[in-house]
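Input: a single structure, listed below in structure tokens.
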Amino acid sequence: MNALVICSGGLDSVSLAHKVATEQKLIGLLSFDYGQRHKKELGFAAICAKRLAVPHQIVDIRDVGRNLSGSALTDNVDVPDGHYAEDSMRITVVPNRNAIMLAIAFGVAAAKKADAVATAVHGGDHFIYPDCRPAFIDAFQTMQNHALAGYADIRLYAPYVNMSKADIVSEGAKYATPFEATWSCYKGGARHCGRCGTCVERREAFDLAGITDPTDYEDADFWLHAIQTRSA
């Protein structure tokens, strides 16, 4: 399977890139600049592509992103602190983001004669993001089968769609993913904040996987409070 991986530079997509490079044929990484405040993640995608010796392309869709207003990831809206599964995290939804990126990726994959587009959506995303759920993945595959009928037969490869973040950490370790060379924090500062939903989820995932977290957090202990508050 010749696969094009959508890679943000985050833990999930970098782990997926290493998985595909080991198990299949990785033909390249595709990233998107949609005006996200944590744009520094794109640099980690570039590092991953260089490490795996594959082409890396960043697609500029900032004009599109400017029209998807109201999200804490793109607008002047505070990124909330707390657990990823809290209702407050819905402010991080960028409407139709994955659908837009996947549609572009399928077009690129078809032009490059690839067999698959790989995406790292996972089970932990289901609560907040509708375009990360299994039903969406299945529906998008059906739509692309019609969109490319007679031209290309491309599979949407989403191996993590029913896996937890901890599962991805465990599998990423198996494929020697350099977790320190990935970026998760939505606030986009010099260091991982340790308080936003993605930082809390990241720290919790390493703990559940029983693997040492190499990440440098500004607040390394907040995740415990976030988990306790959610469980209360």
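Keep in mind that glycine also has a Cβ here, set from the backbone N, Cα and C atoms.
Taken from Swiss-Prot, the feature ATP binding site applies to Cys7, Ser8, Gly9, Gly10, Leu11, Asp12, Ser13, Val14, Ser15, Leu16, Ala17, supported by sequence analysis. Under the three-state DSSP scheme, Ser15 (ATP binding site) falls in the helix class. Sequence-distant neighbours of Ser15 (ATP binding site): residues of the same chain at least 6 apart with a C-beta under 8 Å from its C-beta are Ala120, Ile168, Val169, Glu171, Gly172, Tyr175, Thr177, Thr182.
Taken from Swiss-Prot, the feature Zn(2+) binding site applies to Cys185, Cys193, Cys196, Cys199.
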Fewest neighbouring Cβ atoms within 10 Å: which of the binding-site residues Cys185, Cys193? Cys193
Restricting to the chain of Leu11 (ATP binding site) and a gap of 6 or more, list residues whose Cβ falls under 8 Å of its Cβ, or answer none. Lys165, Ile168, Val169, Gly172, Thr177, Phe179, Thr182, Ser184, Arg202, Ala205
Of the binding-site residues listed as Cys193, Cys196, Cys199, the one whose CA lies nearest the CA of Gly9 (ATP binding site): Cys199
Would you mind listing, in sequence order, the residues at least six apart from Cys7 (ATP binding site) in the same chain with a Cβ closer than 8 Å to its Cβ? Ser13, Val14, Leu16, Ala17, Leu29, Leu30, Ser31, Ala45, Cys48, Ala49, His56, Ala120
